[in-house]
Structures are given as structure tokens and as C-alpha cells.
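I have placed the structure first, in the form of C-alpha cells, so that the comments after it can refer back to it.
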């Protein structure tokens with residue numbers, strides 16, 4: 001209540017209120033100064049209101065006292081329950097944790113005034129989750145309450161935590177939240193094999209690196225705590241088998257390291273250990289974190305193909321060997337206990353030319369053809385060994401036959417030499433260095449000897465010098481070579497190799513006489529070159545040749561243009577004439593021309609039309625005949641005419657493959673009165689009576705007058 005000292009209680013003073021909430025939340029009795037709240041107040045929305053009040057003279061409306069300011073403070077009551085703003089919660093704690101291990105802290109907030117009373121003082125308690133967990137009443141820290149909680153027994157717990165204000169007293173408000181606690185795994189379980197021994201059967205033909213078996217030790221832990229390693233610690237198969245771990249399934253995979261042989265060993269025994277890779281020292285008291293088992297592997301007998309005594313046979317034979325010469329022998333046997341006899345053959349895909357044969361029983365390889373080292377120096381063939389009792393069992397052996405060389409090829413020039421000699425060459429001048437090649441391959445290398453043949457040894461033009469290094473030099477014996485006298489010399493050279501017996505050949509060296517420059521480089525080697533200065537120069541000859549070529553090109557162009565003009569107007573698949581107007585400039589022969597068009601076929605439906613060949617395309621199929629037309633009532637005659645023409649166009653292979661306009665000068669069937677032409681009538685001697693025309697009505701009166709027999713007839 002507001003009251004002014006000036007107020008005598010006679011109603012001359014009135015009170016007014018201003019500020020936040022004035023008139024809306026707070027009102028004042030202008031006569032008494034009492035301030036009232038018009039609605040329910042919430043401290044959590046606004047805790048303070050600042051107002052201004054003033055006393056005025058009711059008559060003059062002037063203040064009688066200065067304006068005064070005051071603050072209204074909202075006193076809190078416990079009208080808000082605690083709330084877990086971050087709930088619900090999830091947390092994890094390792095299994096087997098000791099009592100009192102902190103799990104998670106929960107926090108509840110109360111909107112009431114913490115400075116006034118106990119409305120905002122919260123106490124925590126656990127409603128669900130005992131006796132496994134507990135909560136600190138003041139801090140909200142959740143802790144384990146039981147020791148040795150085992151994840152493998154139960155791995156998840158649902159807790160309900162309550163927060164109550166008024167320090168937990170009766171009448172306080174409360175709120176709850178849920179906390180899901182998951183026990184995380186620790187390595188507290190050692191691996192254990194479900195069985196103390198295993199047995200597996202495998203065929204002896206199983207390839208190396210094949211999987212023999214999969215075994216697994218059980219471990220209740222998960223993740224890294226369940227990771228294991230396997231190893232073979234004992235047994236007679238240490239070098240034959242190995243074991244590895246599958247990272248996804250933690251299984252031990254036993255694989256073969258060496259080929260199995262039932263005839264050599266029928267079974268193997270392995271001692272295998274499985275151990276955890278990550279051991280927790282806290283749980284060593286639970287026992288060793290490893291386990292042992294025994295694996296017995298039984299090898300099963302399989303019908304195996306024959307086996308050669310060697311994987312690769314190396315043999316040699318001279319290329320001079322005669323057909324039937326023995327080269328070598330291969331041997332194979334059946335590894336099975338039955339020891340079936342073996343028959344041999346050559347895989348002809350490796351000996352397409354059939355150079356070799358093999359004895360089916362003994363395995364002796366002989367030559368079947370004459371051999372040539374220069375054609376093929378090494379033959380790689382495959383020999384097949386088949387069991388007599390089971391031909392499907394085939395073993396393969398590989399034979400490399402090297403052909404030994406003999407001296408059966410004579411030496412020859414290493415290349416085709418183009419030798420020239422200058423007209424101004426001096427005696428003893430080197431004009432060519434030659435060498436030789438030989439297809440043979442002697443063990444100590446080639447050694448060639450060069451000389452001139454007997455008939456060329458005493459020539460006066462050239463001589464030959466053997467350089468003793470498988471080369472020879474050709475030199476001039478004189479000077480004064482002239483092309484007019486002799487433009488080409490042929491020098492026969494005799495070459496002998498060092499083989500036993502030695503072979504020789506005569507090779508002819510062609511030497512041309514040339515005109516050379518000052519450096520001895522040949523310029524012109526033709527004898528006819530002397531004629532050119534007296535006639536035309538090289539430039540003139542080139543000009544003449546260019547003119548001739550130009551004339552030839554012009555002639556070809558003219559001939560091509562004339563051929564194009566004479567091309568027939570034939571429509572082919574490469575020329576699209578749609579939407580193009582083709583102008584023929586072809587005039588018909590008038591009524592006398594009966595070759596171009598058969599007008600009767602267009603004007604009369606009842607005649608039989610012969611098949612006409614189109615003149616603008618080349619027909620591929622000739623139809624023998626067309627169906628004849630029957631008499632049809634006049635009301636459908638044109639429709640039938642067009643329909644028949646349409647069918648003819650559809651089945652006509654000569655018709656163009658696109659829509660086209662067909663025009664027919666068809667006027668219908670002939671009249672029952674036939675022709676009424678006056679030209680025909682005047683030229684005929686017919687005695688036909690045309691008096692009936694007068695009965696046909698006014699339209700035929702003129703004809704009746706012309707052809708009638710009455711007294712007024714113009715032509716009677």
C-alpha cells in the first residue's frame with residue numbers, strides 16, 4: 001500500500017502507478033494506494049519488477065509529492081521439480097571391476113531459487129539397479145556396488161536415478177532419468193578347444209597350399225581379448241603342414257606345405273596350441289591362457305598319373321644324324337601300389353613337324369626326319385606317359401633336344417654391296433671392304449679366307465687383299481677408268497670357311513664406274529650421262545614430264561565428266577531422291593507412241609495387264625502375270641481400282657522405298673451404250689437404229705436428231 005502524508009482521507013488525492021508490469025500485472029487503487037497483482041506471478045520467469053508511484057491532486061492533476069520508485073521482489077516457492085537435462089545416460093565400465101569403481105555422474109537442475117530455502121537443494125537416489133550399482137546422494141556419481149560382475153553372464157544394466165529437492169524431505173518434488181550401463185570386456189577367459197583330438201582325411205592328390213582343416217578354440221571374450229594365435233608344437237608333420245589364423249573368425253587353418261604321398265606315409269599327427277595374444281596380468285590366476293589339442297591327418301590313396309624320373313630331360317643330337325638315330329631315353333613309373341605298366345607317346349602339339357618318334361614301351365626317342373640346326377637349334381617336346389590299365393592317368397615329361405652343328409653351309413657375302421670406282425681413281429686405291437657370313441656355328445667361331453677366282457686372278461683392273469680378320473679389301477690396279485669404254489666390272493671372289501670339311505662359294509662383286517667430285521664421292525654412274533649435255537638439261541626434262549602429267553589429268557577429268565552425263569537415272573540405295581525434283585526433258589511420241597505408255601491399261605479396269613518393267617530402276621524379280629479384274633458395280637469401282645493399285649505397289653519389288661504419288665487416268669468401266677462418237681458412226685456402215693435415243697429424255701434430244709431416222713434427220 002502506498003500512502004502520502006498529504007492525503008487527509010477526503011478523496012482529494014489520487015494515486016497513479018507506472019513502470020514494468022504496471023496496468024498489466026500490477027494495478028493501484030487511486031483512492032487508497034493499494035497495489036494488487038492481476039495474475040499469478042512466476043519467479044522463474046521474472047524475479048523483480050521496478051515500479052514508480054506518484055500522488056496527484058485530483059482537481060488540478062498536479063503532483064503533491066515527488067515521484068517515488070520501488071522494487072517488487074517475487075518470493076520463491078517450491079514449484080519446479082529437478083530435471084536431468086542430459087538424460088537419458090549411457091555409460092560403460094569394465095567387467096570384474098572392484099566395488100566403488102566410478103561409472104558416470106548424473107546432474108539434475110532445479111529452476112527454483114537456490115538462495116531461498118531448500119527448494120533447489122537436490123538429493124540423488126537409485127530406484128532401479130541395486131544391488132549392482134549405487135549413487136552418491138549429493139554428487140550424483142554412480143559407482144559399482146558388487147565385485148566380479150561378469151560380462152559373459154550379463155553385459156547390460158538399466159538404472160533409474162531419482163533427483164528430489166527439499167533435501168529429499170517429504171513434500172519435495174522429484175525427477176528421474178535412466179542410465180544404461182554396459183560392461184565392457186576384459187580378457188578373463190582363456191581359450192579352450194571343444195575337443196581334445198580331431199581327425200581329418202585328405203586325398204594325396206591335394207595340391208600344395210590347399211586347406212586341410214579348420215579348428216577353433218572357444219573364447220568367451222570378444223574383440224582383441226579373443227584374438228588367438230595357433231602353432232604346431234609337436235608331431236611328425238611339422239614340415240608337411242602349417243597352421244595360420246583367420247583374422248575374421250579366429251580359426252586355425254591347417255594347409256599343406258609339401259606334396260602328400262600315400263605310398264610314402266599314410267598318416268600324420270600334429271600337436272597344436274592356441275593362445276591369447278593379449279593377456280591381462282590381473283587374471284593370470286584364472287589359469288594359463290592357452291590350450292592344446294591333437295590333430296590326426298589320414299592320407300587317402302588316389303590313382304595317380306605316372307611320374308617321370310626327371311622333370312626335364314636334356315639331350316643332344318647332330319644335325320647330320322640319319323633317320324632312326326637314337327637320341328635318348330625317358331622313364332616313368334606308376335607311383336601307386338598297383339605299379340601299372342606305362343606307355344609313352346609324344347604330344348604332337350609340341351612336335352608339329354614330327355621330327356621325332358618314341359618307342360611306346362621303352363621310352364627311346366629317335367629321329368623321324370632329317371634335322372637342320374639352322375632352322376631350329378633346340379626342340380622342346382612333351383612326352384606323355386599313360387597307365388596301361390587306366391589311360392586317363394597321364395603324366396607329362398619335358399625333353400629339350402639340342403641340335404649339334406655340322407659344317408653344311410658355305411660362306412657368302414654379308415650383304416649386297418654397291419661398289420663404285422671413280423674414273424680418276426689411282427692404282428692401289430681401296431674401293432670396297434667386304435666381309436662374309438655363315439649360317440653354321442662352329443665351336444671356335446668362324447674363320448674365312450678370301451681370294452680371286454683363277455680366271456680373275458690375272459685381271460688388270462682390280463686385286464683382292466685378305467685382311468686375315470674375316471674381311472677383305474678390293475683395290476684398283478690401274479687408273480684411267482672410263483664409262484664410255486666399260487661402265488660395269490664383275491669381280492668373282494672365292495670365300496672358304498674353316499670347317500671340317502671346309503666349304504666354299506664364289507660371290508660376284510659388281511663394280512660401277514662413276515664420275516666423282518674432288519672428294520671422291522660418286523656423282524653419276526650411268527654411261528648415258530654423256531649424252532645429256534648435247535640434248536636437254538635435267539630441268540627441261542622435268543618440265544616436259546610435268547606438262548605430260550597435266551595433260552593426262554585433264555583427259556581423265558573430261559572422260560569422267562562425260563561418263564557422268566551418260567549415267568542412267570537409276571535409283572540406288574546410296575542416292576536419296578526424296579523431296580527432289582528430277583527433270584527429264586523427255587517428250588512423248590504423241591498418240592502414235594505406243595511404246596512409252598499403255599493408255600488402255602489406265603482407262604479400262606477389265607483388261608488383263610501384263611507386267612511392265614520400270615525403266616528407271618533395274619527389276620530384280622519378274623512377275624509372270626497380274627490377276628484380272630471382274631466386273632464391279634459402278635459405286636465401288638473406283639475404290640476397288642485404287643485398292644488393287646495399292647496392293648500392286650506394296651508387293652512390287654521395283655517400287656521406290658518411300659511414299660509416292662500415283663496418278664491414274666481411269667474414268668470407269670465402259671458404258672452399256674458403248675461409244676457414241678460421231679466420227680465412228682459416220683465412218684461405219686452399221687444399220688443400227690438409234691430411234692430409242694428420243695426416249696431417253698431432253699438430254700439426248702440432240703443425239704436423237706443427229707442419228708434418228710425421222711423425216712427431219714439431218715443425215716438421212
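Each Cβ is built from the backbone N, Cα and C atoms, and glycine gets one as well.
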Of the ranges 500-529, 530-559, 560-589, which one does TrEMBL flag as transmembrane segment?
530-559
DSSP-derived helix, strand and coil totals, residue by residue, for the domain 'Cadherin' (85-193):
3 helix, 45 strand, 61 coil
When the domain 'Cadherin' (4-84) is classified with DSSP, how many of its residues are helical, how many are strand and how many are coil?
0 helix, 32 strand, 49 coil
